[in-house]
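Asks: There's a structure below that I have some questions on.
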Amino acid sequence: VSGAGEPNKGILERLNADEIVIGDGGFVFALEKRGYVKAGPWTPEAAAEHPEAVRQLHREFLRAGSNVMQTFTFYASDDKLENRGNALSFTGQQINEAACDLAREVANEGDALVAGGVSQTPSYLSCKSESEVKAIFKKQMDVFIKKNVDFLIAEYFEHVEEAEWAVQVLKDTKKPVAATMCIGPMGDMHGVTPGECAVRLVKAGADIVGVNCHFDPMTCVKTVAMMKAAVEKAGLKAHYIVQPLAYHTPDCGCQGFIDLPEFPFALEPRVLTRWDMQHYAREAFKAGIRYIGGCCGFEPYHIRAVAEELAPERGFLPKAAEKHGMWGSGLEMHTKPWVRARARREYWEKMKPASGRPLCPSMSTPDGWGVTKGHADLMQQKEATTKDQLRPLFNKADTKN
């Protein structure tokens, strides 16, 4: 068991050397479950309000094998922080700075890099201009430069145009830039294919391209494979990243899991096991992806599974493996003989977990209202959503169901 590497090596040095970089997980979902983030806004004020919670989650992912401490700055642009009546005690700058400090503190405890992240904006959905949207990204980027993060990530973009704008802003720093879109094989919300999205992002200046969130691991691996093929066909070069959900989503449409009726409070029956995660890690590696991490639903034990699966290639296990026997070997010490009989790879690879829920459907019908940027329903506002605004939404949902 070891985590020792060369902490001074940058992200591109590692990827150029064909090293495996393991990302972390979905902080907003993990911290919402722990009571520090509100579902709905999904904003990261906990970095300033409850730094101890954010610090501890960073440490758990580091111990599990993460090489990247991504700043807890998801949706930390001012227009999102103040959207729909979300009242804050801290400024956007305070939240972003606190997030950078926490990520750096924990990264310095191991072999990890700090990545500053920006994500899609309400301003883009409200059809604000390119210059207005880019100014929002620049405001966050200025904090990342002040705090000297190691590289930058433009993540969670549903529209390739907005992702391009983010990359164009971030690349001005001369730091490495990764760009991930929350899309599946059907492409972005305006039908731009994954391959075209990737080519456009590389041309915009991204060094690393891929996907995050919205879909399950194998769907995301398939999507990144489509991106890789298109980039290579175009004669371009890039590295590839995948940071999927920890949920099974075979029934999702173009917009992914947010269309599922279970989103976000009833997704637990869909959670991948650690053995599913080992399969994901192996398939991602076989697809040529070297930056392998997670997003919503990922907990540290999921990342540990990724690190354990890829230990032969990396040459070491994560520290958290001290408390986990490979393929359940720790069960050899269990008091019950029938549980000791499960201490083997064959058992867990063939396991078909039951939901324990009588009459539970195997799949759901996504809502899929089909609205995206440019639609009147997606115009954002500072004021809280009113009952008059909610009533037609409830009626529409009830009619569809």
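Glycine is treated like the rest: Cβ placed from N, Cα and C.
The shown structure was predicted, so the numbers you read here are calculated from the model rather than taken from an experiment.
In case it's useful when we look at the structure, here is the feature table from TrEMBL:
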- CYS213, CYS295, CYS296: Zn(2+) binding site (BINDING)
- 9-310: domain 'Hcy-binding' (DOMAIN)
- 382-401: region 'Disordered' (REGION)
Asks: Measure from the Cβ of CYS295 (Zn(2+) binding site) and count the other Cβ atoms within 10 Å, all protein chains considered.
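Replies: A count of 30.
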Asks: How do the residues of the region 'Disordered' (382-401) split into helix, strand and coil according to DSSP?
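Replies: Counts, helix then strand then coil: 14 helix, 0 strand, 6 coil.
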Asks: Same chain, not part of CYS213, CYS295, CYS296: whose C-beta falls within 8 angstroms of the C-beta centre of the Zn(2+) site? Give them in sequence order.
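Replies: Going along the sequence, the neighbours appear as GLY26, PHE29, TYR156, CYS182, ASN212, HIS214, GLN243, PRO244, LEU245, GLY294, GLY297, PHE298.
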Asks: Only counting partners 6 or more residues apart, tell me which same-chain residues put their Cβ under 8 Å from the Cβ of CYS213 (Zn(2+) binding site).
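Replies: Once residues fewer than 6 apart are set aside, CYS213 (Zn(2+) binding site) is near GLY26, GLU155, TYR156, THR180, CYS182, GLN243, PRO244, LEU245, GLY256, CYS295, CYS296.
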